[in-house]
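Working notes, beginning with the structure itself.
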Amino acid sequence: MAATDIARQVGEGCRTVPLAGHVGFDSLPDQLVNKSVSQGFCFNILCVGETGLGKSTLMDTLFNTKFEGEPATHTQPGVQLQSNTYDLQESNVRLKLTIVSTVGFGDQINKEDSYKPIVEFIDAQFEAYLQEELKIRRVLHTYHDSRIHVCLYFIAPTGHSLKSLDLVTMKKLDSKVNIIPIIAKADAISKSELTKFKIKITSELVSNGVQIYQFPTDDESVAEINGTMNAHLPFAVIGSTEELKIGNKMMRARQYPWGTVQVENEAHCDFVKLREMLIRVNMEDLREQTHTRHYELYRRCKLEEMGFKDTDPDSKPFSLQETYEAKRNEFLGELQKKEEEMRQMFVQRVKEKEAELKEAEKELHEKFDRLKKLHQDEKKKLEDKKKSLDDEVNAFKQRKTAAELLQSQGSQAGGSQTLKRDKEKKNNPWLCTE
């Protein structure tokens, strides 16, 4: 189709309509480029690998700068993810680069759950983006996208095979992120061992079903180079920020007693291949794959968990509005059911409480009757005792009165006899001599 042609949808097909002159929509690519350049780009790299494999050094070498960061130790109690964001600019293109490092990965005795913090971190970035998408007022053009676009998995240069930790971790990550395996510190093993090691790694990845990122070959402009580079995976890399004079040029290299290893010499390592594939050729594809494949998978699973689906049980198309109405009706039904259950529960509890109160009231009445009867019995006993005491008091008073009366009568009789005797003595003097 010519550049000045236009395709218009008509029914199920379309027809090509020639233009009589220049319209101007051929500038759309330029408009898109200008808009993208003005907004800037973001790229997020996750570096996974054991401590001491040169992850930070390789990042410095890849972007030809010195990133500030604290060196990790082997004494971490668990795996921690450390994220640092940098603003870079090359020509008029701005890049917001985020580098996430797995501090303490592989340093623990028990490495069984070492992959979990990494998976949780990746999911957390997906969740943050999903929540931003679900907002009523979205501002995705200003939102800092923190989703991981590529995972550089650093493999220790043992020269034998992949560790179980590496296989398990990559298997857990392959459905969530684009994985590019790389052999770190490739100058630690010989060239023949390195070739065998690459073959062994590829074989183990295939046999264990680990899906690593394949450079796309559907674009004719990069199909050939990407197809060639896919055959070189995993890349064997060396990192160095030190510049040495080799011949008449200053080159990044490592100096050893036996010679010099040049970082950007493809005969020495695959650093240049990695940089070309990661940054110059496939950076945008990595960003696109993250959004269209990994994020969409996470989003679909999350929406399905929430009850949203594209089809009904009969595999018929199901619109979002229908899904919403179905979920709303389902929710209202559940709400009514819960309300009815709560009402029944409330009524049951009221009945139980009423029964308890009636039983308590009955017990109180019985207790009151017992106490009342006991009170009456005690009152009767006290009244009987009081009556008895009153009778005793009255009898005592009567006896006292009689005794006083007898005493007074005795006193009067004794006085009369004394007067009579005195009178007789007076009349009869002989009685005095007696």
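Each residue, glycine too, has its Cβ placed from N, Cα and C.
Going by Swiss-Prot, these are the annotated features:
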BINDING   49-56, Gly104, 185-193, Gly239, Arg254  GTP binding site
COILED    321-409  coiled coil
DOMAIN    39-305  domain 'Septin-type G'
MOD_RES   Ser27  phosphoserine
MOD_RES   Ser416  phosphoserine
REGION    49-56  region 'G1 motif'
REGION    184-187  region 'G4 motif'
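Every protein chain considered, the tally of other Cβ atoms within 10 Å of the Cβ of Lys191 (GTP binding site) stands at 10.
Reduced to three states, the DSSP call for Gly49 (GTP binding site) is coil. Taking the binding-site residues Gly49, Gly52, Gly239 in turn, the residue surrounded by the fewest other Cβ atoms inside 10 Å of its Cβ turns out to be Gly52.
For the region 'G4 motif' (184-187), the list of distant contacts is 49, 53-55, 58, 154-157, 194, 236-238, 254, 256, 261, 268-270: same-chain residues at least six beyond its ends, Cβ to Cβ under 8 Å. Counting only residues at least six positions away in the same chain, the Cβ atoms of Leu53, Gly54, Pro157, Ile238 sit under 8 Å from the Cβ of Lys185 (GTP binding site).
For the region 'G4 motif' (184-187), residue counts in helix, strand and coil come to 2 helix, 0 strand, 2 coil, using DSSP. Lys191 (GTP binding site) sits 50 Å from Ser27 (phosphoserine), taking the CA atoms of both as reference points. The Cβ of Ser27 has fewer other Cβ atoms within 10 Å than any other of the recorded positions Ser27, Lys55, Ala188. Here the candidates are the binding-site residues Gly49, Gly52, Ala188, Gly239. The one whose C-alpha lies nearest to that of Ser27 (phosphoserine) is Gly239. DSSP assigns Gly239 (GTP binding site) to coil in the three-state reduction, outside any helix or strand.
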